[in-house]
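Inspection log for the structure reproduced underneath, given as structure tokens.
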Protein chains: 2
Amino acid sequence: MKTVGEVGERALIAMFTDAARTGPGDVVIGSGDDAAVFVPTGPVVVSTDTAVAGRHFRFDWSSPRQIGARAVVQSAADIAAMGGVPTGVVVSIGCPPTTPVDRILELNAGIVAQTHAYGAKVLGGDLVSAAEVVLTVTSLGVLDGTAAVALSGARGGDVLAVSGPLGGPAGGLAALAAVEHGADRALLAEFSSLVDNHRLPQPDLAQGRIAALAGAHAMTDVSDGLVEELITMSAASHVRLDVESARIPQADGLDELGAALGVDPLRWTHGGGEEHELLASFSPPSVPDGWTVIGRVTAAAPGAWIDGAPVGEIRGWQSFTQA
Amino acid sequence: MKTVGEVGERALIAMFTDAARTGPGDVVIGSGDDAAVFVPTGPVVVSTDTAVAGRHFRFDWSSPRQIGARAVVQSAADIAAMGGVPTGVVVSIGCPPTTPVDRILELNAGIVAQTHAYGAKVLGGDLVSAAEVVLTVTSLGVLDGTAAVALSGARGGDVLAVSGPLGGPAGGLAALAAVEHGADRALLAEFSSLVDNHRLPQPDLAQGRIAALAGAHAMTDVSDGLVEELITMSAASHVRLDVESARIPQADGLDELGAALGVDPLRWTHGGGEEHELLASFSPPSVPDGWTVIGRVTAAAPGAWIDGAPVGEIRGWQSFTQA
């Protein structure tokens, strides 16, 4: 099997360019030139996210295709969290020259497939030599007539709602880690939906647009864990946020996995992260179908509260502090 | 001195956000939310570029501020090469937790200063833990009424021109390498302008816009070395490109450095790269002031020729093959 170093940058970029061209398109100039050109229909939303091997993903825990697709989900979730629709991505891949070419082509295939699944285009990218695999996806999107839904718009009297169940990816990750530390591998089969949820979260990002159209006041995606997102939104909006644990929708199987591992599943729903489900604040009558109300917004001193107590112990994931 | 790991991701991102806010702005929502929102005046140009410590730059050869600024130059040059004007960047920084905070803040200061020097904004970013310092800059720009200048538009009868002198960054790099291998350090003082040119290339990227307004048929920036760019443009435009070495403008001091190191300076002007000067094809009467004609375009079998011979030995820089 050939390595990236043997095949070379130019040949690989040409393969990426071919792969990118399999999608739908209104791109004027795409991959293969100095830059891509696209014609937006209005204000443009942009966000960038980096995932590093061994830290944000592991090749022995996920397939290259899942890893590539997940990087797109993570980046596109930030576009959805503004009420935008992803229209394009640019991708930078760093990898050691010894990396098998097939691994990088599969990674790219995951990026392309997930981008096309959103109706978006791979606009271009870069490929460089690095000590480890580093994936940076920059997503671009459009707002299509609604205002951007910022973090800062939550108001007293609003309710807080989430677009889907929480805790799945963190549960799946815990199962993988438990097996690595000696638990029976049968755990992975028993809780395969949670493990798959870690490998490739499947948030319904179309809910971002739906929330914006419904007049959401503030929105973010749950990337660092619910508690961290509550703290961030509370600080940005200068409001108090109160959540009731019992109302948080939980990924299927989380209680059973918690029992198997001797872990309180609230640790995963409160502090997990990387779900990329959306958390938004709405005026009560405007919560869209499919969203679950988990708490309320009060015009009071900023702070995040769960079950009547300020959040404390269960905190989310940060790249450095828990690395 | 504190490390990045001690200070943490959130505190650092807050510092980055403050630094980004020092610039000019028509950004609706910038750093600090899930994504940034900006209102383009027309078609949007986007390009991404990654630089890796030890490979694309060295902290013992350049200051963190120069390294940050250079990453912006490299990315913005791709926007200029389409005839665009950079309007914003998003930046991802990966670094080991043990990295001194000051180094990353200086790196960010270089990014912010160079972005503002282009009249553009730092729209957002990401900060992650990685084995080495990895910088990804994604630049966004606008075309302001002209069509994008693609690589594929060169036509028989055109002339080829460059926006500034070549070979400087490669010469500076050669001087740094020579000193590392035992040459007298005085070399660095004697050829400081070339060394500075490596540390922070200063292409006049406004020439990209000028070339587009003058009706350039094809354009790229010289990032991989003149010969590689000729090959790329020739293949994209299906034309033969002929360059005369004697017409290529050379960075000041390159002959003297070549004599001092026993290297033919054409190696640097032909194969250097990372100049980020622009190479464009124009109908002869429309070459703008400040550009230097170095060759011609013929409607013939694709190929790049220098001084009447097909390019061969002196090739440019690729991330993997020469790493």
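Each residue, glycine too, has its Cβ placed from N, Cα and C.
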Quiz item: Do you know which of A:D78, A:D158, A:D289 TrEMBL groups with A:D34, A:D221 in the Mg(2+) 3 site?
Solution: A:D78
Quiz prompt | Near chain B - the binding-site residues A:G125, A:D224, A:E274, filtered by Cβ distance under 8 Å | solution = A:G125
Quiz item: Of all the binding-site residues given, A:D78, A:D126, which has the fewest Cβ neighbours within 10 Å once its own Cβ is left out?
Solution: A:D126
Self-check item: Whole-number Å value for how far A:E274 (substrate binding site) lies from A:D221 (Mg(2+) 3 binding site) (Cα to Cα)
Solution: 9
Practice problem: Calculate the per-residue pLDDT averaged over the domain 'PurM-like C-terminal' (A:157-265) and state the result as an integer. | Solution: 96
Practice problem: Can you check which residues sit near A:S223 (ATP binding site), meaning Cβ under 8 Å from its Cβ, same chain, 6 or more apart in sequence, and list them in order? | Solution: A:Q74, A:A77, A:D78, A:E229, A:G273, A:E274, A:E275, A:H276
Self-check item: Proximal residue to A:D34 (Mg(2+) 4 binding site) among binding-site residues A:T48, A:D49, A:H56, A:D126, A:D224 (C-alpha distance)
Solution: A:D126
